[in-house]
Amino acid sequence: MIMLKDRRMTVVGRLEGLIQPDDLINQLTFIMDANQTYLVSERLEREERNQTQVLRQQQDEAYLASLRADQEKERKKREEREQKRRKEEENLQEEKERKLECLPPEPSPDDPDSVKIIFKLPNDSRVERRFHFSQSLTVIHDFLFSLKESPEKFQIEANFPRRVLPCIPSEERPNPPTLQEAGLSHTEVLFVQDLTDE
């Protein structure tokens, strides 16, 4: 008789020759009884292994489900961020176009009340345009804002004397000064400082 014992197939009893049926049953019963503890132990081990395997499989499935859920959340967040970024870009572009459409026409070079301004942008490029002395500094800001290469947030600085021009309305100064009131001359070089990341 062969059975699984200590995790391998082992001969646990041997019967040879002709045996009466009653003797055969008695011998088999004796061998079974003698090895019952091994059989029970093997069954329990097998059940435990099966339970462990099922548990591990359930844990793996739960982990994969959680991982998929996390990946899906992250994908949705990325999509939302990208959608928000695109919307902000669209809004910015629309705002630039509005500012450009609202700009007053550029004065002619022979207009004695015009100011020629050369702007130095943060990317080291230069832009030149004429404005009227009577125009508000806001017009300068709107012109620069409408440029494709201009940063989203910026301030405009004059060099002599070094100062930031108050181009945007504020609580202290709801109406920014005109170019003349700001002390600009007929030809000026102004510097655009990028404030986007501040």
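Using N, Cα and C of the backbone, Cβ positions are placed for all residues, glycine too.
Annotated region 'Disordered' per TrEMBL: 67-114, in sequence order. Among the features that TrEMBL reports, compositional bias 'Basic and acidic residues' is placed at 69-101. Marked as domain 'UBX' by TrEMBL: 110-192.
Per DSSP, the secondary structure of the region 'Disordered' (67-114) breaks down as 36 helix, 1 strand, 11 coil. Looking just at the domain 'UBX' (110-192), the mean pLDDT is 90.
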